Amino acid sequence: MSKKILILPGDGIGHEIVAEAVKVLEHVNVRHTLNMRLSFDALGGAAYEKYGSPLADETLARAREADAVLLGAVGGPQWDTIDPALRPERGLLKIRAQLGLFANLRPALLYPQLADASTLKPEVVAGLDILIVRELTGGLYFGQPRGSRISKNGEREAFDTLPYCESEIRRILKVGFEMARLRGKKLCSVDKANVLASSQLWRTVAGEMAKDYPDVTLSHMYVDNAAMQLVRYPKQFDVIVTENMFGDILSDQASMLTGSIGMLPSASLDANNKGMYEPCHGSAPDIAGQGVANPLATILSVAMLLRYGMGYIKTADAIEYAVGVVLDSGLRTADIWSEGMTKVGTVAMGDAVVAAL
């Protein structure tokens, strides 16, 4: 029985980087006889232009039917002034929520070949391997009520709400504990329990659940301290689990420890490990169409798709190994280039990975 993969290139550099990831998918599909069927649709600004909505109903239906979704990136300045409900980012938030993709896995892994690309000293980041588990469908980005109004004194005022219920907290913490159990058995739960009621509940639930994972060492850290510690001594972390907004910020920060956000994939999973896979970076409209974007994060997202979504562990390993081979050869896109390396564009980098496979 064939596996169905829905490809959503999105906006900006999305089409360029996804094209290279599709090359890799098609190559391993044939070579390893994986029997995958690929189909394409629009999300974000591209969907707004095509369907009048950042996520069309028919696209959502196709995503539900697919075994996995591969996404490029969404957003662009040309949609900044339209109705907020129709902006590209709302399509991304909606598809995550409608598919129940509550667990976002973002690895921050430093390839040894790129130690010099990090903004931190090589000895600080050498061997870095962190997994950030971010809650994706609750909290501030989805909380109600939200909106804007004119206050009693005539000022413009805007407001958001940060709610979390116990079941939402428990299911993401379970993912964090399970991932820590598979890795270094250390879990750091990041919150703001000294200020936020939602974080106080989060910390309480984490402490209760720790009793079910005696082999995992649980620690707690306030988000402001976690941001500082990620820069000061990032290798103290193994798995970090946190709520939606904190995870959004910390995972982008962690990405730069590796030298470039263009290297980092992500997986967003539901309760049955069905998910959507995408690079951690955005649509980068400033370089769209120039052929210089780094496709490796999207290619590595394909590896995560095969690993978590399809169970093709050896094929996923082969893709990750091929990326290492390409980096060993000295090929670099502009974002990870350094003196003595060979600068290549998006297509050449994708071709090199396929050749290494």
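Every residue gets a Cβ built from N, Cα and C, even glycine.
What Swiss-Prot says about this protein:
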type: BINDING; residues: 76-89, 282-294; note: NAD(+) binding site
type: BINDING; residues: ARG96, ARG106, ARG134, ASP224; note: substrate binding site
type: SITE; residues: TYR141; note: site 'Important for catalysis'
type: SITE; residues: LYS192; note: site 'Important for catalysis'
type: BINDING; residues: ASP224, ASP248, ASP252; note: Mg(2+) binding site
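Its Cβ taken as reference, LYS192 (site 'Important for catalysis') is surrounded by 20 other Cβ atoms within 10 Å in the chains shown. Taking the Cα atom of each, ASP224 (substrate binding site) and LYS192 (site 'Important for catalysis') are about 8 angstrom apart. Under DSSP, ASP248 (Mg(2+) binding site) is assigned to a helix (H, G or I) in the three-state scheme. For the pair formed by GLY76 (NAD(+) binding site) and ARG134 (substrate binding site), distance between Cα atoms is given as 24 Å, rounded to the nearest Å. Considering other CB atoms within 10 Å as the measure, the emptiest surroundings among the binding-site residues GLY76, PRO84, PRO88 are those of PRO84.
Within the set of binding-site residues (ARG96, ARG106, ARG134), the lowest number of other Cβ atoms found within 10 Å of a Cβ is recorded at ARG96. Cα proximity to ARG134 (substrate binding site) (within 10 Å) is found for none of the binding-site residues PRO84, ALA284, ALA288. For the pair ALA284 (NAD(+) binding site) and ASP248 (Mg(2+) binding site), the C-alpha distance works out to 17 angstrom. Less than 8 angstroms from the CB of ASP252 (Mg(2+) binding site) sit ILE261, CYS280, each of them six or more residues away in the same chain.
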